[in-house]
Amino acid sequence: MSDPAYLLPVILALVLGVALSMYVVLDGFDLGIGILFPFFRDESARDQMMNSVAPFWDGNETWLVLGGVTLWAAFPKAFAIILPAMYLPVLVLLLALIFRGVAFEFRWVARHHQRIWDGAFAAGSTLAAFAQGVILGGLLQEIRVRDGQFAGAPFDWLTPFAIMCGLGLVSGYALLGATWLLMKTEGEVERKVRGMVPALLAGLLGFIVLVSVWTPLQIPRIAQRWFSVPNIVFLSLVPVATAFCAWLCWRGIRHGRSVLAFAAAVGVFLLAMAGLVLSNMPYVVPPVLTVWQAASHPASQLFYLVGAAILLPMILAYTALVFWLFRGKIGAGEGYHA
Amino acid sequence: MDTVAGIDALLFSRIQFGFTIAFHIVFPAFTIGLSAFIATLEVLWLRTKKTHYHTLARFWTKIFAVSFAMGVVSGIVMEYQLGTNWSRFAQIIGNTLGPLFSYEVLTAFFLEASFLGIMLFGWNRFPPWLHTLACIVVAFGTALSGFWILSANSWMHTPSGFAMEQGITYPVSWFDIIFNPSFPYRFTHMMIAAHLTASLVVCATGARYALAGRFMPEARTMLHMGLGMLAVLAPLQAVVGDLHGLNTLQYQPAKVAAIEAHWDGSRPAPLVLFAWPDSAAGRNRAEVAIPNLGSLIITHDWNGRFRGLLDFPADQRPPVLPVFFMFRLMVALGLLMIAIGWVGAWLWWRKRLVDARWFLRPLARAWPLGFIAILAGWMVTEIGRQPWIVYGVLRTAQAASPVTAAQVATSLALFVLVYVVVFSVGVWYIGRMNGSGPQPALPGPETLPNRPLAGGRPAPPARPQVTP
């Protein structure tokens with residue numbers, strides 16, 4: 001199986017997975033800050049929250065752009081099916097990202113209208129998270145396809161399952177945002193967030209359990225994969241590891257070890273994504289297009305991979321550099337420590 | 001056919017794409033030029049230690065931050081719109097154009113986005129050399145981003161290095177795809193346009209302060225740097241534009257015929273100064289023209305012939321009216337820029353620049369000229385490509401997504417509403433920051449506690465003004 005036509009799409013699917021995981025974790029915590037914004041009425045608390053992500057959000061969001069172009073360059077047939085099928089949720093996502101993105105800059109120059117842009121930031125972040133969950137849920141359900149084109153109706157994606165996935169992602173991002181704030185803030189914000197985290201953790205776990213039960217009940221193909229022998233033995237590692245990460249997160253909160261709490265929350269998230277991938281591979285549009293059927297021309301895939309192999313490590317390196325340069329906590333009523 | 005108010009999904013998608021890209025294009029164009037200007041100021045400051053360079057760099061960084069944010073958010077829309085509204089295009093062209101967009105993200109977007117954090121928030125936190133380096137990296141990233149986008153766009157005008165199989169394009173030579181025949185001209189033309197646009201905004205701001213007698217060292221620097229760039233780049237742009245025209249004549253003759261409103265290719269073309277092109281009748285009404293001059297400019301030969309619109313089947317002619325008028329608008333603005341640059345340079349040489357109120361007054365209002373010229377030029381090249389989305393390969397009408405007219409009508413309405421509100425507020429904020437002027441007092445983190453010294457932090461009270 002060293003045929004490039006077989007191997008290349010698998011490697012590219014991994015790259016796509018990395019891009020989307022990076023996005024979900026990184027933009028997850030800064031969208032989470034926006035989701036938590038309404039719970040903090042005090043402007044100085046909001047300043048502090050926003051400052052904790054201001055130098056990073058643009059780079060974080062770029063992973064979404066990478067995810068989009070990777071899907072297009074590597075799996076154009078999937079790109080051409082998924083996006084028209086998700087027309088309205090994608091529209092909501094884009095408009096929400098506009099409001100949230102400009103709020104980062106507008107908020108500081110708006111003077112008296114600061115609260116309007118606070119609202120835009122909170123609503124934009126929440127809606128963007130919700131739309132992403134709905135798109136995910138819509139993708140897991142079957143998209144109607146005929147002749148390699150989307151052949152469904154505008155509201156095919158609108159199901160209770162997709163709505164639940166949307167709410168689940170909002171709650172998950174809120175947890176990531178809260179554990180990020182534990183690490184990066186001090187004083188009143190940190191104290192208040194500490195009280196909120198256990199409920200957020202419980203909420204996310206609740207949604208994970210719900211999705212894990214609902215998906216196999218609704219989609220026999222996935223039930224078959226998880227509950228047949230011997231798969232069940234290997235795959236049961238995922239829920240076990242998730243439970244362990246959740247326990248670590250809880251311990252981190254209890255003992256004030258905020259880095260552990262954040263890392264464990266990220267772990268819960270990545271395991272949930274791994275579960276989705278394990279349920280659906282090798283499909284990129286389940287269950288109609290596999291990664292091989294959707295793949296672009298091998299020359300296109302190879303050209304992309306050469307660039308990714310050289311540039312992704314560099315990107316990861318300078319992303320880490322920026323996070324390191326802006327390391328440390330940001331206190332109430334102060335800028336970054338010099 | 002599925003329509004809303006008699007309009008089908010295709011036309012809604014075309015309007016939406018045109019609308020969203022028209023808003024988007026001005027921000028990257030401005031920030032490409034502005035980031036290079038800021039990086040230059042920082043290097044000058046590092047080398048000379050003159051504080052007004054530093055003051056200016058900080059001032060323009062605030063404006064850069066707001067413009068950049070608007071460019072980023074409107075750019076994400078462009079990428080995803082290729083899938084939502086143009087899925088057949090995305091699928092047919094994906095093999096050849098998809099990787100180019102990926103390279104833009106991998107080489108440029110991450111670079112810009114990551115070092116932007118240092119550029120905006122690193123003033124008092126990092127050593128000056130690191131901050132200057134970040135500014136240079138951001139400027140490099142924005143230009144590199146332009147490289148890939150212009151490459152992809154040029155390929156849609158002059159596709160090469162590919163083959164077709166079962167109606168799908170396949171790459172044959174990446175070099176020929178990236179460096180396609182019109183790419184060098186388009187890229188150079190757009191980069192110069194970006195720098196001209198930023199230069200006009202900079203020297204208009206300088207003129208505004210000079211007229212008011214405020215921030216004089218900064219105003220002088222802005223006038224000198226902005227007008228200097230105009231004096232050199234505006235004439236250069238005319239030369240590049242001419243070369244670009246020759247290239248277009250070779251590869252997109254129908255576009256040149258539309259630009260010139262040239263119908264009958266069997267005769268030498270006049271230079272049409274004014275006319276009302278009538279596509280139905282296949283001729284110009286109310287034409288004012290100089291005989292043979294069109295041939296001289298286009299073919300560099302007094303009696304040169306080039307194909308007229310009637311030489312093309314009716315379903316392969318671009319809409320003549322907007323192409324014809326927008327081209328004239330662009331050229332007129334280009335000539336005006338040359339005039340501004342040269343008059344400014346002459347006044348500067350005579351040391352009369354800051355006293356020449358007759359020159360500074362209109363100059364202070366000239367800041368939008370570059371944006372208008374870019375939009376006009378963009379319309380010429382994109383409408384001139386119609387009815388093709390990829391010239392000679394794929395028609396626009398065959399590129400749209402299988403979505404309903406109601407969906408696209410909804411999205412178009414929302415985009416119009418949101419863009420008009422968000423971007424007019426943003427431009428208004430930029431105008432206000434621009435009005436309050438560069439603040440030479442450098443507040444540290446102690447005096448401005450609420451933010452890690454960001455791009456758009458609230459300005460401290462302005463210095464006393466000499467005149468309002």
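Note that Cβ sites are derived from N, Cα and C of the backbone, with glycine treated the same way.
What TrEMBL annotates here:
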type     : residues  : note
COMPBIAS : B:458-468 : compositional bias 'Pro residues'
REGION   : B:439-468 : region 'Disordered'
TRANSMEM : B:21-47   : transmembrane segment
TRANSMEM : B:59-80   : transmembrane segment
TRANSMEM : B:100-122 : transmembrane segment
TRANSMEM : B:129-150 : transmembrane segment
TRANSMEM : B:190-211 : transmembrane segment
TRANSMEM : B:223-240 : transmembrane segment
TRANSMEM : B:325-349 : transmembrane segment
TRANSMEM : B:369-388 : transmembrane segment
TRANSMEM : B:408-430 : transmembrane segment
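Non-local neighbours of the transmembrane segment (B:223-240) in the same chain are 37, 40, 185, 188-189, 192-193, 195-196, 199-204, 206-207, 210, 334-335, 337-338, 340-342, 344-345, 348, 353-354; each lies 6+ residues outside the stretch with a CB under 8 Å from one of its CB atoms.
Pairs of Cβ atoms less than 8 Å apart link the transmembrane segment (B:59-80) most often to B:21-47, out of B:21-47, B:100-122, B:129-150, B:408-430.
By the Cβ criterion (under 8 Å, sequence separation of 6 or more), the transmembrane segment (B:369-388) is in contact with the transmembrane segment (B:190-211), since 3+ such pairs are found.
Where the transmembrane segment (B:190-211) meets the stretches B:21-47, B:100-122, B:129-150, B:325-349, B:408-430, the count of C-beta pairs under 8 angstroms peaks at B:21-47.
Outside the transmembrane segment (B:100-122) by six or more residues, the chain places 61, 65, 68, 72, 79, 130-131, 134-135, 137-138, 140-142, 144-145, 147-149, 151-152, 155, 177-178, 452-455 with a CB less than 8 A from a CB of the stretch.
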